[in-house]
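> Quick one: this structure, given as structure tokens, is what I'll be asking you about.
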Amino acid sequence: SDTLYVLSLPTLVYYYAARNHWPFGTGFCKFVRFLFYWNLYCSVLFLTCISVHRYMGICHPLRALRWGRPRFASLLCLAVWLVVAGCLVPNLFFVTTSPNGTTILCHDTTRPEEFDHYVHFSSAVMVLLFGLPFLVTLVCYGLMARRLYRPLPGAGQSSSRLRSL
């Protein structure tokens, strides 16, 4: 997803350098905005996957062994890309261009008459693709911290024996 996003960056740089003038057409506007959000939310979910993988490695090391296989990782990446793309399909409907004097705007959101619907859509996407993954990441790191700060079994006995000597 990062590679596709990087390929779309020159058009966004041109758009903002030309003071918000979009000469590339509505279809390409939709495509570039889709790539932006696809990259954003795929990155969030991949960071969440990394957090869960670390949690499994620290808190459940034996179970984590079967999840560390390349085939599983490939399928998980494919699932992330497909889920995020599926959630963002409505963005292709909402994003559009509109004339603004002598320039054409490529809206990051939507046209004014669809804005209420867009707010509901983008709020749901934000909760599903940012809020929940962020919560999962926080829980994973909290559980890892608790596990790492817990004394090792038998560690307390050896230190008390040393004190008695």
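Yeah, the Cβs are placed from backbone N, Cα and C, and that goes for glycine too.
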> Does Swiss-Prot give Asn20 and Pro99 the same topological domain, putting them on the same side of the membrane?
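Both on the same face of the membrane, per the record.
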> Select the range from 1-16, 31-51, 75-95 that forms the most Cβ-Cβ pairs under 8 Å with the transmembrane segment (125-145).
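Stretch with maximum Cβ contacts: 31-51.
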> Hey, does DSSP put Asn100 (N-linked glycosylation site) in a helix, a strand, or just coil?
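For Asn100 (N-linked glycosylation site) - judged by DSSP and reduced to three states - the answer is strand.
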> Taking helix as H, G and I and strand as E and B in DSSP, count the residues of the topological domain 'Cytoplasmic' (52-74) in helix, strand and coil.
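Tallying H, G and I as helix, E and B as strand, the rest coil: 20 helix, 0 strand, 3 coil.
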